[in-house]
Amino acid sequence: MALLWLLSVFLLVPGTQGAKDGDMRLVNGASASEGRVEIFYRGRWGTVCDNLWNLLDAHVVCRALGYENATQALSRAAFGPGKGPIMLDEVECTGNESSLANCSSLGWMVSHCGHEKDAGVVCSNDSRGIHILDLSGELPDALGQIFDSQQDCDLFIQVTGQGHGDLSLCAHTLILRTNPEAQALWQVVGSSVIMRVDAECMPVVRDFLRYFYSRRIEVSMSSVKCLHKLASAYGATELQGYCGRLFVTLLPQDPTFHTPLELYEYAQATGDSVLEDLCVQFLAWNFEPLTQAEAWLSVPNALIQALLPKSELAVSSELDLLKAVDQWSTATGASHGDVERLVEQIRFPMMLPQELFELQFNLSLYQGHQALFQRKTMEALEFHTVPLKVLAKYRSLNLTEDVYKPRLYTSSTWSSLLMAGAWSTQSYKYRQFYTYNYGSQSRYSSYQNFQTPQHPSFLFKDKLISWSATYLPTIQSCWNYGFSCTSDELPVLGLTTSSYSDPTIGYENKALILCGGYSVVDVTTFIGSKAPIPGTQETNSSKTPSLFPCASGAFSSFRVVIRPFYLTNSTDTE
């Protein structure tokens, strides 16, 4: 009776003011029954793209607003272009949904069009004669309060933390039965259930159970792994999927790298190959700061073995990579076999002869693996001192192998930093979190002239090639620097050279996309003289978004990396 009384009291509570996610409205029409379609999400209104827009989609809008049906589904900003984000694109409804938010689409704020394609509708003037008082917005909080009260329960839950203390809670089967995600609990036989939970996840169990009532939960960087684990174990598929998508968002938000490392171990333990690949990719792009962090010495051997073969591994130089491996293996007491496998992945030809010579004096690993180092050094010295034509004639070296190609070397020898705009104090502080530096060129410029060697071989040490790198945010800036751009590709990065290039050398140049001045969230390739800049949620462009979202909403800077390699099919080698 107390439960029914509480629910009846809830129905008398006035609704809160303001729109809710999924609410819709019509704007800029000649009457209330027509206009540009706008939908509310995360505190603001935005428009809907007309891709795939049809009468079924329009019916959903009109019926939700109290009209009988839609008479027209209009496209091409028939009621004028809107402002703000484009909330939905490629919407496909059956016509029976309560909101466009419940229809199939590309997802919130993922769009391939601009406001010139805003969707509109014309609804029938006759309303259904129905007036709706909707207080349902208060229901999640009211149900959550029922769980918080821990009274009048008919299901008792004993949560055991595997020797780290138990937790006694209770629930209401009547409410749980309304939520398909709670089946694992309400289908139990009897009035009690035991939940066995990892000790580290005990603090989030109460929030997890409350979610079955309110269908709302706050997920943080510290709780996402446990909530994903609980959702997976108890069949809460919506929560499981939500947490899975959040992993990609949370990876760049921890400058200590504890979260990416924990998620990597979790992915391995659960067999989640997608999450594992994401963790490896993020750590490869941010390898340099990882080696400077306290967490470096706790990186598992399997992860380092997965990182070292990658060409898209961002580090100041190959020598610094080897020194980091030396530090890690010494501190962790890695086995002889593990060290040998790691050293085999080092690209010795990417180190200069002087650096190779000094390894025997400066590297702890050298004496224990002397034969391996000597063999690798001799192979590298051949690469540095023998011209390509002679190597091709007398050696069966496969110069297309990764060992003869550079990684993403971020030192000033091979790269230059471009700013997207004014350098903020906050970004500078973030970059000083670690002692490494991304270069000493003018940090405040969106245009850089710099020089690099033509090739990593010592034969080209004094043969420099000049580059000009530019951040191009507008058509006018493209014209100013001699680039041909379209509005769809802006902003874009430009890279040109005014120097003669050896016909036996090719370039696969890259751009590191930085968020907050310190975290690499994507890497793009220069095709010709331009490299695309990914889209962000804030810009809401038709561009593919960065692999890892930028929490600040805009990219702070870009590191242009020059990557030369031998063209083994060049006629000059014959």
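Every residue, even glycine, has its Cβ placed from backbone N, Cα and C.
Annotation source Swiss-Prot lists signal peptide at 1-18, citing sequence analysis.
Secondary structure of the domain 'SRCR' (24-124) per DSSP (helix as H, G, I; strand as E, B; remaining residues coil): 16 helix, 34 strand, 51 coil. Positions annotated as domain 'SRCR' by Swiss-Prot, on the basis of sequence analysis: 24-124.
Feature annotation from Swiss-Prot assigns disulfide bond to Cys49-Cys113 (among others); the stated evidence is sequence analysis.
The annotation disulfide bond is assigned in Swiss-Prot to Cys62-Cys123 (among others).
The N-linked glycosylation site annotation in Swiss-Prot covers Asn69 (among others) and rests on sequence analysis. Annotation for Asn69 (N-linked glycosylation site): spatial neighbours His59, Cys62, Arg63, Cys123, Ser124, criterion Cβ-Cβ under 8 Å with sequence separation of six or more.
The Cβ of Cys93 (disulfide bond) lies under 8 Å from the Cβ of Leu56, Asp57, His59, Val60, Leu100, Asn102, Cys103, Ser104, each of which sits 6+ residues away along the same chain. Look at Swiss-Prot and you will find Cys93-Cys103 (among others) tagged as disulfide bond.
Annotation source Swiss-Prot lists N-linked glycosylation site at Asn96 (among others). Counting Cβ atoms from all protein chains shown, Asn96 (N-linked glycosylation site) has 11 others lying within 10 Å of its own Cβ.
Per Swiss-Prot, the feature N-linked glycosylation site maps to Asn102 (among others). Within 10 Å of the C-beta of Asn102 (N-linked glycosylation site) we count 14 further C-beta atoms, all protein chains included.
Residues annotated as N-linked glycosylation site in Swiss-Prot: Asn125 (among others). The Cβ of Asn125 (N-linked glycosylation site) has 12 other Cβ atoms within 10 Å, all protein chains considered.
Under the heading domain 'BTB', Swiss-Prot lists 153-221, citing sequence analysis as support. In the domain 'BTB' (153-221), the DSSP tally of helix, strand and coil residues is 27 helix, 17 strand, 25 coil.
According to Swiss-Prot, the domain 'BACK' annotation covers 260-360.
Here Swiss-Prot flags Asn362 (among others) as N-linked glycosylation site. Other Cβ atoms within 10 Å of the Cβ of Asn362 (N-linked glycosylation site), summed over all protein chains shown, number 12.
The N-linked glycosylation site feature in Swiss-Prot is assigned to Asn398 (among others); the stated evidence is sequence analysis. The Cβ of Asn398 (N-linked glycosylation site) lies under 8 Å from the Cβ of no residue that sits 6+ residues away along the same chain.
The N-linked glycosylation site annotation in Swiss-Prot covers Asn540 (among others) and rests on sequence analysis.
Under the heading N-linked glycosylation site, Swiss-Prot lists Asn569 (among others), citing sequence analysis as support.
Nearest in space to Asn362 (N-linked glycosylation site), taking C-alpha to C-alpha distance over the recorded positions Cys49, Asn96, Cys113, Asn125, is Cys113. Around Cys103 (disulfide bond), a 10 Å sphere centred on its CB holds 19 further CB atoms from the protein chains shown.
For Cys62 (disulfide bond), the Cβ neighbour count at a 10 Å cut-off comes to 26, with all displayed protein chains included. When Cα-Cα distances from Asn125 (N-linked glycosylation site) are compared across the recorded positions Cys49, Asn96, Cys113, the shortest belongs to Asn96. On its own chain, Cys49 (disulfide bond) has Ile86, Leu88, Asp89, Glu90, Val91, Ser111, His112, Cys113, Lys117, Asp118, Ala119 as residues at least 6 apart in sequence with a Cβ closer than 8 Å to its own Cβ.
Local packing around the disulfide-bonded residues Cys113, Cys123 was summarised as the count of other Cβ atoms within 10 Å of each Cβ; on this measure the leading residue is Cys123. DSSP gives Asn362 (N-linked glycosylation site) a helix state.
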